[in-house]
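Colleague: I am attaching a structure below and will ask some questions about it afterwards.
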Amino acid sequence: MVKKSKGRQKIEMVKMKNESNLQVTFSKRRSGLFKKASELCTLCGAEVAIVVFSPGRKVFSFGHPNVDSVIDRFINNNPLPPHQHNNMQLRETRRNSIVQDLNNHLTQVLSQLETEKKKYDELKKIREKTKALGNWWEDPVEELALSQLEGFKGNLENLKKVVTVEASRFFQANVPNFYVGSSSNNAAFGIDDGSHINPDMDLFSQRRMMDINAFNYNQNQIHPNHALPPFGNNAYGINEGFVPEYNVNFRPEYNPNQNQIQNQNQVQIQIQNQSFKRENISEYEHHHGYPPQSRSDYY
């Protein structure tokens, strides 16, 4: 197999003729040189001073503990007094600890950066695979133009309609119809009698609404829990018919005149009974109620 590129080759150590390449190489090599000097100071505790002039006559320097102290010691070559030497050692120890912490932090940050780069490459590969499969809804919208965004919106609306239809079919197949009569519960899922779909309705709120309506109790509906009394007049001459059910929770308030009212009612009932007896009308006979009773003397 023929190689398409020359690969990594040894660079010839001559001055570069291209100015742009020269500036780029100087910047990269200078950073690498200062990094190596910092590692040498950290690992070995050495004192280093580096002064570099760029091709544009700019000065760059690096020194540990600092450039001035290292240069002064190199020029004068005089040993420091004992007390100054001790102070210098304390300062150097403190600086070394700070530099060590910074180097450790830099190492951690660089390792995290490499990890994030690997994750980015993996996600990029996954995105390319999904894009090839046709998962257009996972494309980043930040990279789309206005016309592409309008088309993306239309595709999402069509997808919403399809999902609404499938969800309504699923609910109709799995949820029984609790509504009485000819009405259909398709409207609860966004579909009316004409099979028109309303994709703007929330399926989850519709499901909750359906569950509530399906088991809704109508308090106005009459449930005859016991047999009704017969039509006609009772022993007191009162016409009987449908009566409301007894309410267990009903508690009448106390009325101090209740006994007096009951006595008056009893007196009225006695007067009515006496009037019936004077007219020779049976207290169990019904004349004006429904249904009429058959009598032989009518014929």
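Here the Cβ of each residue, glycine as well, is placed from N, Cα and C on the backbone.
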Colleague: Which stretch does Swiss-Prot mark as coiled coil, out of 64-98, 99-133, 239-273?
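Modeller: Swiss-Prot lists coiled coil for residues 99-133.
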Colleague: Under DSSP, the domain 'MADS-box' (6-66) has how many residues in helix, strand and coil?
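Modeller: Residue counts for the domain 'MADS-box' (6-66) by secondary structure: 26 helix, 12 strand, 23 coil.
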